[in-house]
Amino acid sequence: AERLRHILGDDDNVPTPTIFTEMDTLQHEGGELEWKESARWVKFEEKVEEGGERWSKPHVSTLTLHSLFELRTCLQTGSILLDLEGYSLPQIVDDIVDRQIADGLIPPELKEKISFVLLRKHRHQTKKPIHRSLADLGKSSNAASRFTAPRRTYALGSQAALADCVSLTCKHTPVMMSKLKNKFMKKIPRDAEASNVLIGEVDFLEKPFVSFVRLAQATTLGGLTEVPVPTRFLFILLGPHGKTKSYNEIGRAIATLMVDDLFSDVAYKARDREDLIAGVDEFLDEVIVLPPGEWDPKIRIEPPKKVPSAEMRHMNGSAGGAAGGEDDEFPAPHELGEELKFTGRFGGGLWLDIKRKAPWYCSDIYDGFHIQSISAVLFIYLGCITNAITFGGLLGDATDNYQGVMESFLGTALAGTVFCFFGGQPLIILSSTGPILIFEKLLYEFSKSNDVDYMELRLWIGLHSCLQCFILVLSDASYIIKYMTRFTEEGFSSLISFIFISDAIKKMAGALKYYPINRGFKPDYITSYKCDCIPPDQYDNMTLLVSGKKNNYINSTLTDWSQMSKKECVKNGGLLVGNACKYPDLALMSFILFFGTYSMTVSLKKFKFSRYFPTKLRKLISDFSIFMSIMCFVGLDMLMGLDTPKLIVPTEFKPTRSDRGWLVMPFGKNPWWWYLASFVPALLVTILIFMDQQISAVIVNRKENKLKKGCGYHLDLFWVGVLMAVCSFMGLPWYVAATVISIAHIDSLKMESASSAPGEQPQFLGVREQRLTGILVFVLTGLSVFLAPILQFIPMPVLYGVFLYMGVASLGGIQFWERIKLYLMPPKHQPDFSFLRHVPLRRVHLFTLVQLVCLAVLWILKSTFLAIIFPVMILGLMVVRKLLDMMFSQHDLAWLDDILP
């Protein structure tokens with residue numbers, strides 16, 4: 001263990017290249033000897049399927065313990081050449097054989113025979129079928145010649161040919177050109193180096209010939225390797241006949257070790273034989289044995305979704321067995337970072353936020369130029385306009401149209417664009433919230449009953465709130481957010497998610513009220529259901545005047561009215577009579593559009609993990625899932641031609657009320673003391689804005705999202721305060737961070753590794769941090785007034801389906817939601833969560849119950865006139881969390897929540 005720590009402690013800042021390992025076995029075909037590729041590794045093993053002429057699925061290598069011990073013996077007894085100067089394969093083979101002779105391992109007369117065998121030609125598994133599958137069509141634009149190419153053979157006998165391959169001109173030879181076209185190259189990182197394992201049986205040896213070679217510099221050795229990757233390591237095992245299976249297992253063992261992160265580090269840094277053996281011993285310490293009676297070795301184990309990193313294994317030391325983490329007494333502590341440290345200086349936190357974000361400003365713009373940004377813009381834009389229209393309509397009802405849909409559109413566009421340009425965390429999406437709506441409603445009713453001018457009073461509340469936000473920013477008050485643990489975050493985000501879900505369902509339930517299902521329909525009497533077009537002259541003059549079609553009369557005696565279509569009948573002044581004349585059940589169609597949009601979006605979002613089609617196409621479909629779902633169901637709605645409720649967008653740029661302008665005057669309509677008294681209601685608004693904004697910011701800035709450009713809690717609050725004042729002067733709604741839409745924004749910008757090893761799950765790399773998507777969303781929201789002719793075709797049920805998806809998707813990954821589901825699962829079917837390993841199930845259920853009670857109280861408060869004290873109740877969640885320290889041990893809280901600072 002000490003030796004290994006000493007080896008790995010050297011040059012830790014130098015990254016170890018990725019190892020590509022190829023195993024070739026010696027074959028006797030037609031009296032000729034040749035090396036045939038039998039398996040390869042990047043991270044996981046792929047075998048050549050016998051007779052199938054194809055590669056197997058990547059799988060975890062399952063090794064026999066005996067093969068590992070035999071490999072250890074091979075390294076102890078064979079020749080080890082470290083940092084050998086090698087330029088061509090013949091020269092390297094000569095050096096290996098000479099070393100074996102010098103060490104007395106083989107007699108000199110066997111030199112020619114061994115060299116002859118080692119320099120035989122290599123045959124690689126590169127044959128392609130004549131017919132291409134649909135999945136291959138999109139994989140490579142320059143691959144046409146590849147699919148009918150015969151299996152390549154590469155001769156390695158010529159010293160001159162190999163010398164050419166050492167030089168850079170080798171890449172222009174047919175061999176290298178065909179190798180460069182190999183699509184498998186996309187799976188191998190650019191800095192990779194190769195390890196070649198050669199295993200064979202010969203009749204002239206009495207005992208195994210074993211050699212492990214590390215070249216001083218990685219060298220391209222012609223056709224030795226399937227892909228044009230320079231070779232750094234060689235492992236050769238030649239032995240007498242009769243032990244084919246044993247030799248192959250030893251070859252698989254060394255190949256698997258070479259792609260192990262820890263052993264490859266040792267292989268690069270080893271100074272002698274003992275260092276290599278120490279690496280094998282470390283591998284043996286960590287290896288896990290499956291009992292033969294309980295496992296069939298023919299079963300191929302699927303690659304795991306998450307592989308422990310080499311860093312974790314390094315940190316956990318050598319000789320300590322399995323890496324820790326899951327079985328530690330305490331999980332890794334929750335840290336919010338230096339952004340929330342109390343500086344003690346006037347405006348210190350704001351200044352640090354500006355210093356932190358300024359260097360990233362240019363990259364925040366050009367990082368947004370990516371196709372993924374287009375899908376994110378379309379998704380969030382539709383969410384924002386739906387929210388703006390819904391909120392604007394409710395606000396218009398609550399304030400007698402002093403603020404309506406037009407003000408909602410303009411305010412969303414203005415506030416969102418400014419915040420995304422200058423805010424500390426541009427991934428946050430600003431929107432109006434339910435508590436603000438209730439505050440506006442109560443304020444309007446109060447103003448109306450006390451003969452106070454609503455708009456002027458609201459302006460002064462906004463100005464006071466802006467001033468209070470500035471005081472909070474300059475005094476570094478955001479540092480209290482560090483007392484907000486997962487308990488508070490999850491309670492708040494779950495509440496907002498449930499609001500989105502319930503609002504979407506509530507809106508759809510309203511469709512039953514406006515478009516009731518025709519319960520009077522009787523299938524038995526279907527023959528009597530009909531709709532006739534009656535000529536206008538069969539009705540009295542009053543009916544015709546009411547219908548307003550008198551001028552459209554045509555001669556009823558010359559026309560067959562029964563053959564007219566519905567449109568023709570109405571156009572010509574006729575009347576439709578009969579039970580079948582009513583519209584079909586629009587409620588049913590609305591629900592089809594609603595659930596169809598949601599279901600299709602969920603399905604297409606998961607298509608990224610499907611087995612069908614190339615990776616790029618799957619990812620593209622997943623990224624544009626929401627847009628494709630909306631387009632499909634808008635198309636279905638247009639095809640059916642039913643009068644479902646559509647999106648109504650204002651078409652003229654003017655205030656909703658004709659008696660108000662775009663600016664609110666601060667003086668003249670209310671007594672002077674109202675200007676001071678408005679400080680009190682402003683305090684409630686400030687608490688609401690502070691809690692709403694900062695909780696959403698904490699959720700967005702979670703370490704799980706792997707954000708690299710830092711955040712700016714103080715800077716965000718500063719701009720929210722500025723926008724409060726601006727929106728108050730213009731009579732626009734107030735805006736704050738929208739939790740669900742912000743989470744959806746982050747979800748639509750998640751990045752995953754592109755060049756992954758075969759079988760390796762794409763790794764989450766972080767979020768595409770930039771300002772462009774947010775800016776475009778809000779600019780489009782402002783331009784929506786001019787897009788009204790297009791947007792009016794979108795049915796509202798489709799947008800409610802998007803709302804439902806956003807609400808459900810934002811619940812994903814919330815531990816609270818996973819713990820709720822545990823109530824319905826028998827213990828043997830419960831997932832293997834880390835907290836279930838460390839905390840008794842009854843304690844887990846008790847903690848979840850406390851959270852459920854808190855959520856229920858918040859829901860009741862939100863749904864009544866008491867919603868005005870909603871922000872104070874969010875603060876109450878932090879108090880409840882502090883009280884939990886008396887109910888639960890610190891150990892339990894560390895796993896279920898976070899330890900309070």
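Using the three backbone atoms N, Cα and C, a Cβ is placed for every residue, glycine included.
Residues or ranges marked as domain 'Band 3 cytoplasmic' in TrEMBL: 18-297.
Positions annotated as domain 'Bicarbonate transporter-like transmembrane' by TrEMBL: 346-900.
Annotated region 'Disordered' per TrEMBL: 310-330, in sequence order.
For the transmembrane segment (374-396), the list of distant contacts is 403-409, 412, 416, 429, 431-432, 437, 440, 503, 507, 623-624, 626-627, 630, 647-649, 656, 733, 738, 741, 744-745, 748-749, 773-774, 776-778, 780-781, 784, 791, 799-800, 802-803, 806: same-chain residues at least six beyond its ends, Cβ to Cβ under 8 Å. Annotation source TrEMBL lists transmembrane segment at 374-396 (among others).
Residues or ranges marked as transmembrane segment by TrEMBL: 408-439 (among others).
If you look up TrEMBL, you'll see 459-480 (among others) marked as transmembrane segment.
Panel annotation: around the transmembrane segment (624-642), residues 374-375, 378-379, 382, 583-584, 586, 589, 593, 596-597, 600-601, 603-605, 607, 793-795, 798, 801-802, 805 of the same chain, lying at least six beyond its termini, place a Cβ under 8 Å from a Cβ of the stretch. Annotation source TrEMBL lists transmembrane segment at 624-642 (among others).
Distant neighbours of the transmembrane segment (672-691): 435-436, 439, 443, 452, 456-457, 460-465, 468-469, 472, 477, 666, 717, 720, 724, 734, 736, 868-872, 874-875; these residues of the same chain sit at least 6 beyond its ends, with a Cβ under 8 Å from one of its Cβ atoms. Taken from TrEMBL, the feature transmembrane segment applies to 672-691 (among others).
Using a Cβ-Cβ cut-off under 8 Å and counting only residues 6 or more beyond its ends in the same chain, the transmembrane segment (712-736) has close neighbours at 339-340, 349-350, 352-354, 356-357, 391-392, 395, 402-403, 407-408, 410-412, 414-416, 418-419, 422-425, 428, 430-433, 436, 440, 455, 458-459, 461-463, 465-470, 472-473, 476, 478, 481, 655, 660, 662-664, 666, 685, 688-690, 692-694, 696-697. According to TrEMBL, the transmembrane segment annotation covers 712-736 (among others).
Summarising the annotation, TrEMBL assigns transmembrane segment to 772-791 (among others).
Summarising the annotation, TrEMBL assigns transmembrane segment to 798-817 (among others).
If you look up TrEMBL, you'll see 849-880 (among others) marked as transmembrane segment.
Most Cβ pairs under 8 A with the transmembrane segment (408-439) among the ranges 459-480, 772-791, 798-817 are made by 772-791. Taking the domain 'Band 3 cytoplasmic' (18-297) as a whole, pLDDT averages 78 in the prediction.
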